[in-house]
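Trainee: The structure under discussion is supplied below as structure tokens; questions concerning it will follow.
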Amino acid sequence: MEPRFVIQLALCVVAGWLAIGFAGLAHLRRTRVVAHGLFPAGALLGVLLFGLGLYAMRSPAQTLVLPIGLPGLPFHLRLDALSAYFLTVLGLVSTGVSAFSSGYFRKGEGTPPGLLCFEYHVCLASLALVLLANDAYSFLVAWEMLTISATFLVMSNHRIAEIRGAAFLYFLISHAGALALLICFGLLQANTGDYSFDAMRAQHLAPFWASVAFLLALFGFGAKAGIFPLHVWLPEAHPAAPSPVSALMSGFVLKAGLYGMLRTVFDLLHLQIAWWGVLMLALGLFTALLGVVFSAIQSDMKRLLAYSSIENIGLMFVSLGLAVLFRAFGMNGLAALAVTALLYQIASHAAFKSLLFVGTGSVLHATGERNLGRLGGLIHRMPWTAWAALVGALASAGLPPLSGFVSEWLLLQSFLFTPGLPNAFLNMAVPLIAALIALVAALAGYTMVKFFGIVFLGQPREASLARAHDAGGWERAGFGWFVAASVLLGLMPVQIVRALTPVVRQLAGADLGAAISAGGWLLLAPTGVERASYMPAVFLAFFVGCCGLAFVLVRRFYHGRLRRAVPWACGNPFVTARMQDSAEGFGQPIRTIFAPFFKIERSVPSPFDAQPTYRVVASDRTWGWIYAPLARGLRWLGALAGRLQAGRIAVYLTCSFVALITLLMLVRQ
């Protein structure tokens, strides 16, 4: 191929998505055209982008300059191994979500279907442009396009006040992060006068200014990723958005923040400092703990998955922190292992969390319910959805032989080498972090048992569930795409880790080398066969063999003595749906053990109440500890600034003069 052919094809995909979006505006209320014509076309472009990304990961970096934008500020684009990998993941997510949307949006939402199509495809195009941008100007333009389009997608059912509030919260936090990124890029180009990333790569900042730029990037990209304490928009926006939008946001929009951190820390900044890694380790660990604990007590299935995404993002920042820590001490081989774990987590989470969100979308469409306490027994009415959700839940729980296990196993392998760090405090603290990561993994499994068991198993908790219907053809196509991705990522880790080698080498300055191939194509041994290895095919064969043996034994020796009987009902005449485990019952031990994480509010009914109701609300203390004081401080500053608005022209001229002098001093420096 020609040197720029692949990046030009990627731009054609972006242009195609934009064209589909504008076609949606032309067919604003023609649901059939949008659902059965435009969304499938977007899915096909996603498949093309997926293939282009896989090819570009093995190709040399390609650059392109587009003569658009402001005078003297054209769009600089670059396709290297890192951006190609994220384009591959974007293609993976967009294909499945677009196919699912073809069936999901056949009845429309609060927004006309053509407008939803426009917002959705603009969001996809802006994500691709973020990954291709090679200068601060084009990056921030695409970043703002992403924020605005995602805000309108969240606000699809805009007639509901809570949904408008969730969209505004996302918009506010995203723009606070964008302001931090603007200052960060200003620092990175301060001595060059050039906003291109190539110029930023060529200069070397002093450690102090590099640390300031790192903190600004952590705030700016962490706001998009949902790292603590900037995570508060996630459990509000995900339930408010339509399920395909939630799948896109959790599957990839959060990863845009991780892409920004990788691009800044390992590409634009030429040094890694140990305390950067420690900070990301601490923030990632607390984010993961907070997310999984809140996920375990939720009664709303979309809020449960939103907090689960916070947990996964926390684990990814733990991997990123480990990679930075290893690089800071010159242990590039171990940094390569941590980066591999991070990249595997990104792809794995994109597959199984998108699968879980589209699964909840089918349940919501079929039943009209998000409350776990009003669901149950849906495996009989919605078998396709149930089996797809089971694969997603098992992968999210980190069970072999699915994708979630490989990513967490690689992360724990990275922790096994931390005793080699040349720092006594880290040698003591990092193993404790590894133990807490194991606790997070166990709680994630507990949460997925709650999610799948209450929604799909047992008896229906509402009579209306008898009318539930399974997903249609397009929705099943979306399920199948994500199920295949989750299974293949779990069964083919050796091949996938090999494919990630160019990306790992670009970020870590090293790769896993011959250790990957030491055990053959069936054996994953990232640090050598003698240390640790994993054979997913053998595990799968063993699991299937045990299940088959149990089935044969039961059929051969016990089948004739089996009988169907009503289960024991504790002395009651019959079993009712209320006798089943509830979402609140599952969450009660977690609420008790991890009580410091929650702000508990209880409302006890009056003894004379004819229909007494006991309510327990567990809310995030982040609101009271951080955001409430911040809001009070901003109101105080606003009132103070309001005193200047006295109608006196001299005061206004003085403020303008001071602002002008300040800006001139900054520009001169």
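The backbone N, Cα and C atoms fix where each Cβ goes, glycine too.
Summarising the annotation, TrEMBL assigns domain 'NADH:quinone oxidoreductase/Mrp antiporter transmembrane' to 133-415. Taken from TrEMBL, the feature transmembrane segment applies to 6-26, 38-57, 137-155, 167-188, 208-233, 245-262, 274-297, 304-326, 346-366, 478-497, 534-554, 649-667 (among others).
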Trainee: So, does the transmembrane segment (304-326) come close enough to the transmembrane segment (274-297) to give 3+ Cβ pairs below 8 Å, pairs being at least 6 apart in sequence?
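Mentor: Stretch pair touches.
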Trainee: With a Cβ cut-off under 8 Å, give me the same-chain residues at least six positions beyond the ends of the transmembrane segment (137-155) that come close to it.
Mentor: 69-70, 73, 75-77, 111, 116, 119-120, 122-123, 125-127, 129-130, 163-164, 166-168, 170-171, 174-175, 178, 181-182, 185, 195, 237, 240-242, 245, 248-249, 253, 256
Trainee: Considering only Cβ pairs under 8 Å, which range in 167-188, 304-326, 478-497, 649-667 makes the most contacts with the transmembrane segment (346-366)?
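Mentor: Top-ranked stretch among 167-188, 304-326, 478-497, 649-667: 478-497.
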